[in-house]
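Trainee: Let me begin by handing over the structure; questions about it come next.
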């Protein structure tokens with residue numbers, strides 16, 4: 001053991017941090033600023049139930065003609081054993097979700113079945129009893145905020161578009177789009193990895209891939225805060241990744257603004273093989289990891305939208321998407337950064 | 001007005017109010033700003049002694065009027081077998097002891113605690129008679145004395161400009177043993193004191209004057225006789241003189257017992273009566289002095305506050321008042337640092353438990369219960385119980401664990417562990433439940449991060465809450481909570497980066 005060198009220790013500690021002024025210059029949005037300037041100002045509290053409860057989201061989406069994964073059944077109150085079995089018995093593939101779960105907690109995905117045992121995507125077997133227990137757990141509020149009793153949703157498993165198959169390990173990637181006052185401002189693809197245990201949470205080791213709003217191509221990829229160019233498990237280069245039907249996807253995200261009324265919104269979207277983009281859920285408090293995935297700060301783009309006049313804000317979905325694709329293109333952002 | 005401006009205005013108002021009340025309490029009511037301040041409190045005891053003659057006895061002693069720079073904190077009377085009351089007569093309070101029959105030596109006590117405060121000792125317009133009773137000096141044998149007195153008056157008047165300087169000159173002459181006139185007067189009035197003679201001469205000069213009886217406050221003095229000062233009316237106001245030096249003004253540590261007026265002690269039915277004083281100083285915590293002096297005046301700020309509660313409730317409040325400080329620590333750590341904890345204010349409750357248990361015992365017990373609880377909880381999760389039943393089962397388990405820890409450690413002779421009861425059981429059970437979910441969903445690493453974060457916040461909160469200054473301020477100046485509230489409002493407006501974010505977004509800069 002060498003002697004403890006204090007100055008070296010301080011230098012190392014400082015190396016881990018960056019100056020707040022540098023972050024401000026880059027237009028990085030911090031958690032406090034997000035809460036005060038965007039969530040508190042643009043998201044009305046009384047609109048939260050639409051996004052906090054996935055069943056409400058589903059109903060609202062249906063009213064607005066937004067595509068969502070098919071709902072098979074929903075249990076408002078503690079369902080009887082027979083009722084649950086009645087619903088899941090004819091199914092081969094399904095997803096059980098809490099309506100008010102947060103952070104992807106409490107989602108049970110069944111991709112196959114052998115008699116009375118169900119298979120999870122990881123290949124692990126789940127018994128019928130486990131499924132029943134899961135339903136009861138959701139119902140008693142184990143996964144909801146504050147432990148309030150929750151509703152149980154049974155959804156059809158999305159028939160995922162195979163384009164991302166090679167970019168994901170075990171789990172299915174979803175696309176997060178931040179929509180500010182109806183304008184898509186930033187997007188990322190979340191790919192699960194072996195080290196994230198099939199989960200799409202960036203802080204658990206999933207890869208965040210920044211998507212260029214103009215083209216739907218990947219522009220930046222990050223795992224655990226470090227820039228990477230290939231998927232760590234499948235070795236696929238991210239440079240070749242293109243999201244098919246990108247404009248449709250942005251249109252869907254943009255329409256969520258009218259659907260929810262929330263000014264600052266995160267939309268989680270998945271691609272179905274046949275139906276195209278589907279809204280998985282909407283989030284009134286989207287996280288900030290998207291900035292890391294894109295390598296770009298959100299604040300500059302949010303300010304750009306904030307500076308618009310009323311006429312610009314009343315544009316149609318189509319116009320907004322076109323505007324965003326042009327204004328928030330990765331090439332343009334780089335240009336601005338270079339000139340700044 | 002924008003919400004932001006409202007926050008700043010509200011915060012400023014709250015802070016001003018809190019700070020104002022605090023300054024008022026410190027400056028006017030004497031509550032000490034720092035812990036461990038002591039004030040000198042003088043205990044003065046008057047002892048009245050006389051020999052009773054067997055018949056009815058009545059003794060009355062003049063009590064000190066409230067003096068402006070001396071605060072009376074409390075008084076006690078003791079006299080076995082005597083009836084006692086206080087009567088007011090002619091601007092004076094007198095303690096009256098009475099008894100139907102008494103024989104032999106009698107002792108009566110009056111004791112008071114006073115505390116010296118800054119300020120002028122005497123109130124000016126004093127309703128004391130300014131009439132002068134010219135002494136009768138016409139008798140033949142008094143011829144020489146009369147000459148001497150008028151000669152003193154004459155020479156003093158010659159060397160002075162007004163009553164004040166006149167009195168100064170007169171006292172200098174009366175203290176000068178080489179002055180022939182003075183020696184003649186003292187030779188004639190052999191049993192008179194300096195003040196007696198000075199009063200006589202002043203009366204001859206037609207100047208209103210009277211004596212002030214009192215004591216010099218010096219530690220550990222016993223069997224003191226009262227000392228006299230001279231008070232002279234100069235036409236507009238009363239001026240006090242120290243007779244031996246001739247200096248105007250009340251000496252600094254002089255406690256005025258009686259101003260003007262008549263006798264100090266009257267005894268009927270007894271003889272050889274005498275009153276002596278003894279003085280002791282003791283150092284008393286400044287807060288107690290402030291409490292005593294304000295309780296007399298019924299100061300609303302103190303009378304309608306936590307101090308008016310019974311002692312037991314006060315000690316509970318001592319703990320409760322620390323909670324906002326703990327909450328502030330949590331706010332600071334979350335807003336400026338971005339620490340993740342399990343349950344927002346759970347660390348504050350832990351910190352309170354730590355105050356009772358002492359830090360290391362508390363940490364050890366908490367970790368022990370958490371580990372054992374998680375272990376039991378993992379088994380319970382295999383039993384497919386409903387949520388409420390499972391948490392209740394965890395609560396029961398926690399209680400059993402607490403009992404077991406107490407009993408086992410007591411048998412082992414570690415009595416510190418008995419304080420385990422201070423941990424909030426339900427909170428512990430919920431923490432265990434939440435931690436086990438975090439374990440299942442996010443893995444043991446996240447459990448360590450969250451538990452570690454909570455413990456770090458709890459330890460920091462404990463450290464701040466046990467600081468003696470913080471303890472002193474929260475309990476003695478609860479008004480400071482308004483300042484704290486204002487500060488929290490302002491912190492709630494902070495939109496800058498968190499310390500954790502400077503690390504989280506470091507890749508964006510490179």
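Don't overthink the numbers, they just go from 1 along the chain as shown.
Cβ from N, Cα, C; glycine included.
The shown structure was predicted, so the numbers you read here are calculated from the model rather than taken from an experiment.
The feature domain 'Inactive transglutaminase fused to 7 transmembrane helices' is assigned by TrEMBL to B:24-185. Per TrEMBL, domain '7 transmembrane helices usually fused to an inactive transglutaminase' is recorded for B:263-508. Annotation source TrEMBL lists transmembrane segment at B:6-24, B:319-339, B:359-380, B:387-408, B:414-432, B:444-465, B:477-497.
Provide an account of the burial state, proximal residues and distances for the features listed.
Mentor: Below 8 angstroms of C-beta separation, residues 342-343, 346, 349-350, 352-353, 356-358, 361-362, 365-366, 369-370, 373-374, 377, 391, 394-395, 397-399, 402, 405-406, 454 of the same chain, each at least six residues beyond the ends of the transmembrane segment (B:414-432), sit close to that stretch.
Residues 322, 325-326, 329-330, 333, 339-343, 346-348, 350-352, 354-355, 359, 362-363, 366, 370, 431, 435, 438, 471 of the same chain sit 6 or more residues outside the transmembrane segment (B:444-465) yet have a Cβ under 8 Å from a Cβ within it.
A Cβ distance under 8 Å defines the sequence-distant neighbours of the transmembrane segment (B:477-497), meaning residues of its chain 6+ beyond its ends; these are 4, 7-8, 10-15, 17-19, 21-22, 25-26, 31, 305-306, 321, 324-325, 327-328, 331-332, 335-336, 505.
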Trainee: Report, as numbers and ranges, which residues of the same chain sit near the transmembrane segment (B:359-380): CB under 8 Å and 6 or more residues beyond its ends.
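Mentor: Residues packing against the transmembrane segment (B:359-380) from afar: 350, 353, 390, 393-394, 397-398, 401-402, 405, 416-417, 419-420, 423, 428-429, 431-433, 435-436, 439, 451, 455, 459, 462.
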